[in-house]
Amino acid sequence: MAHRFPALTPEQKKELSDIAQRIVANGKGILAADESVGTMGNRLQRIKVENTEENRRQFREILFTVDNSINQSIGGVILFHETLYQKDSQGKLFRNILKEKGIVVGIKLDQGGAPLAGTNKETTIQGLDGLSERCAQYKKDGVDFGKWRAVLRIADQCPSSLAIQENANTLARYASICQQNGLVPIVEPEVIPDGDHDLEHCQYVTEKVLAAVYKALNDHHVYLEGTLLKPNMVTAGHACTKKYTPEQVAMATVTALHRTVPAAVPGICFLSGGMSEEDATLNLNAINLCPLPKPWKLSFSYGRALQASALAAWGGKAENKKATQEAFMKRAVVNCQAAKGQYVHTGSSGAASTQSLFTASYTY
């Protein structure tokens, strides 16, 4: 059956495909710097820094003004609405600083969860109303990709088929709207690590979720070559007593992806899901060394796992700028190595990089 009503022109498809490929080229990944005001406040509270717009701006300025060689490791940065319009201390927009480094600018587009009545505290995601207009404005303001996070959890009767289908369709509708406005959609269906489930249970659920997501993307005529996937790695629940090796995590993760994600998708950028910085790197490296066919780029889209050591080094003090940038650069470089399967663990990581970053029922 011929598609009589094409969703995108060949020119639109090429632009989207080119953007997606740029973000994940040569082991590059994504810095997720799209924490909301409240989430950033929790991070600042841990280092005893007040949650003000100026303090948030100062920390992000330090990250974004790092040496230009960061563009060898970071292909894209996801911003929060506030950050997109912030400037450095010289009056230059953050987004322009990033673009001049050759880094693609993205934006968080979802507007948080809303309860699904009749379920065990499951949610759907808000933000479709007015999304097309927001995307059009962001495109004018220099944004080239978007991000939308759907949350599914493993618990009694969870995730329900209703939650899976509702979130899959919402992700697909968002992706379609993004592409109509020239933005590459990052599709993020996260099976969160809360709970005591084992690795096999997480793999089973992750496969069900991803299968539903790609069915919905197909139903909505989404151009897969112009998308990126941001999934959870397949891991046991945070409260599971059995511990698994990075190789076991890798095999379960790549198997789940192999069964559900079409080869047309150019890149899969994993979220870190509250892992320590070091575990997020070790698992990504093992995934890239997994002896299964991997038709996609397998990279990272980390927030906490790129920023924890940097935030600890900063401590809210301007004189710590150099140490903060060095800590951030180190995590970016090692994750780029891991995205190529070339990371060698030396065992000399600092305390901040080995500390678990798990937060129950985590929200951005």
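Glycine residues also receive a Cβ, built from the backbone N, Cα and C atoms like all the rest.
Here Swiss-Prot flags Ala2 as N-acetylalanine.
For Lys13 (N6-succinyllysine), the same-chain residues 6+ apart in sequence whose C-beta sits under 8 angstroms from its C-beta are Tyr223, Glu225, Gly226. Marked as N6-succinyllysine by Swiss-Prot: Lys13 (among others).
What Swiss-Prot records for Ser36 (among others) is phosphoserine, and it gives similarity to another entry as the kind of evidence.
Take the CB of Arg304 (beta-D-fructose 1,6-bisphosphate binding site) and look out to 10 A: across all protein chains shown you find 24 other CB atoms. What Swiss-Prot records for Arg43, Ser272, Gly273, Gly274, Arg304 is beta-D-fructose 1,6-bisphosphate binding site.
Classification of Ser89 (phosphoserine) by DSSP places it in coil, neither helical nor stranded. Counting every protein chain shown, the number of other Cβ atoms lying within 10 Å of the Cβ of Ser89 (phosphoserine) is 10. Positions annotated as phosphoserine by Swiss-Prot, on the basis of similarity to another entry: Ser89 (among others).
Neighbour density for Thr119 (phosphothreonine): within 10 A of its CB lie 16 other CB atoms from the protein chains shown. In the three-state DSSP assignment, the secondary structure recorded for Thr119 (phosphothreonine) is coil. Per Swiss-Prot, phosphothreonine is recorded for Thr119 (among others), and the stated evidence type is similarity to another entry.
Listed in sequence order, Ile177, Gln180, Asn181 are the same-chain residues six or more apart from Ser132 (phosphoserine) with CB atoms under 8 A from its CB. Residues or ranges marked as phosphoserine by Swiss-Prot on the basis of similarity to another entry: Ser132 (among others).
The DSSP secondary structure for Glu188 (active site, proton acceptor) is strand. For Glu188 (active site, proton acceptor), the same-chain residues 6+ apart in sequence whose C-beta sits under 8 angstroms from its C-beta are Lys147, Trp148, Arg149, Ala150, Leu171, Leu229, Lys230, Pro231, Leu271. The active site, proton acceptor annotation in Swiss-Prot covers Glu188.
Among the features that Swiss-Prot reports, active site, schiff-base intermediate with dihydroxyacetone-P is placed at Lys230.
The phosphoserine feature in Swiss-Prot is assigned to Ser272 (among others); the stated evidence is similarity to another entry. Taking the Cβ of Ser272 (beta-D-fructose 1,6-bisphosphate binding site) as centre and 10 Å as the limit, one finds 26 other Cβ atoms among all the protein chains shown.
Look at Swiss-Prot and you will find Ser276 (among others) tagged as phosphoserine. DSSP assigns Ser276 (phosphoserine) to coil in the three-state reduction, placing it in neither a helix nor a strand.
Among the features that Swiss-Prot reports, phosphoserine is placed at Ser299 (among others), with the record citing similarity to another entry. The DSSP secondary structure for Ser299 (phosphoserine) is strand.
For Ser301 (among others), the entry in Swiss-Prot reads phosphoserine. A sphere of 10 angstroms centred on the C-beta of Ser301 (phosphoserine) encloses 28 other C-beta atoms.
Here Swiss-Prot flags Ser309 (among others) as phosphoserine. Around the Cβ of Ser309 (phosphoserine), a 10 Å sphere holds 25 further Cβ atoms from the protein chains shown.
Here Swiss-Prot flags Lys317 (among others) as N6-succinyllysine. Within the same chain, no residue at least 6 positions away from Lys317 (N6-succinyllysine) has a Cβ under 8 Å from its Cβ. Taken residue by residue with DSSP, Lys317 (N6-succinyllysine) is part of neither helix nor strand, so it is coil.
Spacing of Arg304 (beta-D-fructose 1,6-bisphosphate binding site) relative to Thr119 (phosphothreonine) is 30 Å (Cα to Cα, whole number). Cβ-based crowding with a 10 Å cutoff singles out Ser299 as the top-ranked of the modified residues Ser36, Ser276, Ser299. For Ser276 (phosphoserine), the nearest neighbour among the modified residues Ser36, Ser89, Ser301, Ser309, judged by Cα separation, is Ser309.
For Arg43 (beta-D-fructose 1,6-bisphosphate binding site), the same-chain residues lying six or more positions away in sequence with a CB closer than 8 A to its CB are Glu35, Gln307, Leu311.
Taking Cα separation as the measure, Ser301 (phosphoserine) is nearest to Ser272 of the binding-site residues Ser272, Gly273, Gly274.
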